[in-house]
Amino acid sequence: MGPRAKTICSLFFLLWVLAEPAENSDFYLPGDYLLGGLFSLHANMKGIVHLNFLQVPMCKEYEVKVIGYNLMQAMRFAVEEINNDSSLLPGVLLGYEIVDVCYISNNVQPVLYFLAHEDNLLPIQEDYSNYISRVVAVIGPDNSESVMTVANFLSLFLLPQITYSAIGDELRDKVRFPALLRTTPSADHHVEAMVQLMLHFRWNWIIVLVSSDTYGRDNGQLLGERLARRDICIAFQETLPALQPNQNMTSEERQRLVTIVDKLQQSTARVVVVFSPDLSLYDFFNEVLRQNFTGAVWIASESWAIDPVLHNLTELRHLGTFLGITIQSVPIPGFSEFREWGPQAGPPPLSRTSQSYTCNQECDNCLNATLSFNTILRLSGERVVYSVYSAVYAVAHALHSLLGCDNSTCTKRVVYPWQLLEEIWKVNFTLLDHQIFFDPQGDVALHLEIVQWQWDRSQNPFQSVASYYPLQRQLKNIQDISWHTINNTIPVSMCSKRCQSGQKKKPVGIHVCCFECIDCLPGTFLNHTEDEYECQACPNNEWSYQSETSCFKRQLVFLEWHEAPTIAVALLAALGFLSTLAILVIFWRHFQTPIVRSAGGPMCFLMLTLLLVAYMVVPVYVGPPKVSTCLCRQALFPLCFTICISCIAVRSFQIVCAFKMASRFPRAYSYWVRYQGPYVSMAFITVLKMVIVVIGMLATGLSPTTRTDPDDPKITIVSCNPNYRNSLLFNTSLDLLLSVVGFSFAYMGKELPTNYNEAKFITLSMTFYFTSSVSLCTFMSAYSGVLVTIVDLLVTVLNLLAISLGYFGPKCYMILFYPERNTSAYFNSMIQGYTMRRD
């Protein structure tokens with residue numbers, strides 16, 4: 001006997017030994033094509049130990065799992081409904097073979113049984129393309145670990161497997177599990193529904209509890225990744241001790257539960273997400289009740305979201321609000337009556353030989369246990385039941401297509417698993433107003449519901465309060481929830497309260513949800529879309545008050561025509577302009593008279609013309625500064641004013657030279673007269689002033705500048721020169737020197753003839769200019785803003801008036817009111833008198 005033959009014999013012997021008579025007709029229905037069903041009708045909740053691990057556990061020794069029996073009845077109901085439907089698989093009878101897998105204890109033996117022939121032989125072959133298994137498809141099991149165990153076998157044969165409640169994301173891997181499909185949304189959508197629920201109620205500080213199995217670890221990790229993207233923080237995550245099917249909970253595990261619940265008590269988080277099979281939660285919630293941890297929102301994963309046994313712990317109502325994520329409720333007409341009155345037990349069909357049976361096909365107490373929960377099962381709606389129901393119909397529609405059925409007959413033939421799998425992928429039909437088809441990952445896009453646990457017997461124990469649509473990835477139809485809080489207010493679960501508008505976050509600790517709120521300072525604002533942790537400075541032309549989310553334009557301040565000080569100075573400048581113009585006319589009409597000639601002759605007209613130009617520059621101080629107005633302020637006006645002062649200084653020097661220095665230095669005086677000394681001096685001073693002006697403009701520029709008012713930051717001062725005080729000292733340095741020179745020469749000529757003695761007038765003009773300039777610089781060091789501009793303009797106009805009226809005014813007075821003194825004879829007599837006094 002070869003090795004291959006020995007292997008075949010060994011498998012045959014194993015299957016034959018494990019085969020036992022079925023005692024419950026609910027588990028088997030003969031038909032042309034059989035469906036395999038794997039359901040958890042029992043679960044180990046008492047820690048019954050099997051010492052011999054080679055022995056298949058006897059599931060009936062465990063406690064009845066009501067939901068599992070309910071789902072098994074859904075499969076039976078769907079098969080019988082299809083068999084009674086003349087439009088679907090006409091003339092073909094579907095049968096089923098159902099096995100209790102005891103949650104996760106009994107998976108391998110049923111799979112081998114389903115894969116084997118009727119004689120319990122599973123041959124070893126190189127090619128299974130033409131292999132005929134006992135069943136054409138398998139419905140179940142219910143949890144991810146069991147599904148992966150079963151799928152690893154069935155995928156080798158490409159035997160279709162449709163699970164109705166396993167949500168693990170790894171099951172979407174069609175390379176590993178090419179024959180696996182499911183009629184429930186994946187964990188990706190379950191977790192997204194949870195996250196959107198938290199976002200809707202603004203919960204960003206949560207606790208995550210997971211089981212120690214693959215289901216808990218994987219889904220806990222997926223949830224953590226999703227929460228991190230949405231700035232939702234996990235206060236802490238703990239692993240619940242898993243209730244092993246064949247073990248009692250140890251003292252260490254119980255102490256672990258005590259520690260976890262104590263940690264819940266100490267935490268400020270009030271939203272608890274639990275990813276765990278229902279079997280692991282009975283002891284946990286008993287400990288929660290013992291420690292009286294209340295006031296929390298519990299978010300249940302689909303594994304226990306609608307568990308009637310846990311719901312039967314009515315004391316849970318005192319712990320807080322229970323919300324669960326589960327598949328949508330689709331009422332199935334007639335199913336409740338079928339579940340309640342369906343057969344419970346009966347002898348197996350006599351036609352089945354003993355070798356065709358398998359173990360764990362009995363449940364003596366299932367119907368009685370189900371009847372005790374019948375009300376809650378009926379009120380809770382057909383949720384996972386519809387997933388089983390639609391899975392059976394998906395196989396039926398695939399068979400209908402594969403057998404080439406029409407409205408009356410089907411062509412019965414051998415169906416190979418891989419052929420049926422191809423057709424299942426193609427199905428697209430409507431079942432109870434819902435479209436059933438499989439996406440590329442093998443999932444059906446049924447929407448999810450958020451349910452709230454209710455303990456009022458007059459209400460649905462699992463009341464739907466919101467819906468989640470996988471295709472849109474949106475949470476919709478959110479209804480009012482009965483919260484456990486006073487006045488039914490939405491519970492708060494945040495590490496830190498939300499910051500007010502215009503407050504930045506200062507992190508506290510490692511969690512982004514824990515922070516202090518700090519007001520943004522004036523001049524800064526908070527842009528929530530860019531950075532919630534730093535206040536951004538406003539642009540230079542904008543400002544903000546404290547705790548602002550935006551800036552506003554600063555108020556631009558400059559001299560305006562409608563202001564009273566501006567009007568007053570403008571009127572004063574107009575008076576000076578008209579006075580200077582009148583003086584110019586008077587001097588022009590009396591050009592050849594001694595007074596005009598003694599005042600400088602042609603030089604007077606140059607001074608008066610420049611004074612008129614200077615008065616005309618006054619309006620450029622009003623209004624927003626421009627390049628042109630700044631040029632007039634910084635170049636034209638200083639140049640005009642300097643030439644005027646230089647004329648006075650040169651004229652004073654010339655008079656002193658004529659009367660006092662000509663006799664002492666005749667040669668020097670002759671050079672002065674011969675080479676037009678006054679005009680050469682004025683030209684030199686003008687060039688020097690132009691150099692000073694150009695240097696000043698190169699240093700400061702001509703473009704208007706803005707600066708913030710230090711006393712009122714919301715105001716922006718617009719000026720031609722940001723450093724006007726220093727610039728003023730530089731530009732007026734020559735003018736101040738000339739004023740001192742002019743004053744000195746005027747003082748030296750105080751004894752000259754009265755007609756030529758201008759000491760009083762020059763002293764008045766130059767002293768006023770010197771004093772006003774020094775006062776202006778002092779004022780600018782103490783004040784700023786538009787007030788400096790108005791004072792500067794006022795001083796400028798007064799300096800012009802001092803020259804116009806202080807220097808030229810007395811001469812006009814003499815010309816108009818003392819014409820007898822404006823004669824050559826009078827001037828000669830005054831000179832002779834001065835000469836005689838000196839002698």
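If you go along the chain as it appears here, the first residue is 1 and each next one adds 1.
Each Cβ is built from the backbone N, Cα and C atoms, and glycine gets one as well.
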Checklist entry - On the same side of the membrane, Ala228 and Ser824, at least as Swiss-Prot annotates them? => result no
Checklist entry - Which candidate in Asn248, Asn731 appears in Swiss-Prot with the annotation N-linked glycosylation site? => result Asn248
Checklist entry - Quick one: do the transmembrane segment (761-781) and the transmembrane segment (682-702) have at least 3 Cβ pairs under 8 Å, skipping pairs fewer than 6 apart in sequence? => result no
Checklist entry - Which one is it: of the glycosylation sites Asn84, Asn292, Asn312, Asn428, Asn487, whose Cα lies the shortest distance from the Cα of Asn527 (N-linked glycosylation site)? => result Asn487
Next on the checklist: Can you give me the Cα-Cα distance between Asn487 (N-linked glycosylation site) and Asn428 (N-linked glycosylation site) in Å, rounded to a whole number?
Outcome noted: 48
Checklist outcome for this item: Among Asn84, Asn292, Asn312, Asn428, i.e. the glycosylation sites, the one with its Cα nearest that of Asn407 (N-linked glycosylation site) is Asn84
Checklist entry - Taking Cα atoms as reference points, which of the glycosylation sites Asn292, Asn312, Asn428 is nearest to Asn84 (N-linked glycosylation site)? => result Asn428
Checklist entry - Under a Cβ pair cut-off of under 8 Å, which of the recorded stretches 567-587, 636-656, 728-748 contacts the transmembrane segment (682-702) most often? => result 636-656
Checklist entry - Could you give the Cα-Cα distance between Asn312 (N-linked glycosylation site) and Asn292 (N-linked glycosylation site), in whole Å? => result 18
Next on the checklist: To the nearest Å, how far is the Cα of Asn292 (N-linked glycosylation site) from the Cα of Asn428 (N-linked glycosylation site)?
Outcome noted: 50
